[in-house]
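Shown next, in structure tokens, is the structure this report addresses.
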Amino acid sequence: MKTNSTFKTRSCFALIFILALSLNLKGQTTHNVSVTSNVFTPSQLTITVGDKVVWKNDEGSHNVNGKQATFPNNPSSFGNEVGAAWTYEYVFNTAGTYNYQCDPHAGMGMVGKVIVNPKTVTSSQTMADVTEKIRLYPNPASEYIELIVPSNYKTINSVKIYSIAGSVVDEKTFSENKETFRYDISLFRNGIYLIEVNAENQKNVLKFIKQ
Ligand SMILES: [Cu+2]
């Protein structure tokens, strides 16, 4: 009974961790803009589709107006009302160039711009295509694991191994091109591990079992 509930709790943590990793895999980055009198800092941001921008007003009465009523070429409308001491955030889900202003101080040059680039994937492949191609064997493994990397990846920049509890077990960074990568796990405790492989700006997470 007790073991069962412990197991359930651990599985639950494991699931949350995997979910957190896959969210991370989507790669949303948060960009902060400080709002003061009378400037947005930075006034221009270049971000990627899916990224979040957080404006924090620390000083004075301002707003963010990126509405299409004011800027008809903005791919979508965003913004808030004039006020003091607020935080406003917006997730940019459409690529393009967005202009915005602070209504009370636009005439004083309190304007900003967000350039949203589409997600880039090397060559013309989709993320899913690429993800399928790094292979890990043997699995389950006891002495070592080997990653086989397709040539279009060119370089594995780094690998990071996590225990299922979410702690980083090991981390390695590489400079040379690698098509296979063998990693000794003989000293690992038995259990489930996740290996995060960073290659050519692609992040992949693979699971393996040490037994
Ligand atoms: Cu202002």
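The backbone N, Cα and C atoms fix where each Cβ goes, and this holds for glycine too.
Noted in TrEMBL for the protein shown:
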| type | residues | note |
| --- | --- | --- |
| SIGNAL | 1-27 | signal peptide |
| DOMAIN | 37-117 | domain 'Blue (type 1) copper' |
| BINDING | H62, C102, H105, M110 | Cu cation binding site |
| DOMAIN | 136-209 | domain 'Secretion system C-terminal sorting' |
Near-site residues: Cu cation, ref H62, C102, H105, M110, CB cutoff 8 A to centroid: V35, S37, N38, V39, F40, G60, N63, Q101, D103, P104, A106, M108
The domain 'Blue (type 1) copper' (37-117): DSSP-derived helix, strand, coil residue counts: 6 helix, 38 strand, 37 coil
Structural state census, the domain 'Secretion system C-terminal sorting' (136-209) (DSSP three-state): 3 helix, 44 strand, 27 coil
Taken over the domain 'Secretion system C-terminal sorting' (136-209), the model's mean pLDDT: 82
Sparsest Cβ surroundings (other CB atoms within 10 Å) among the binding-site residues C102, H105, M110: H105
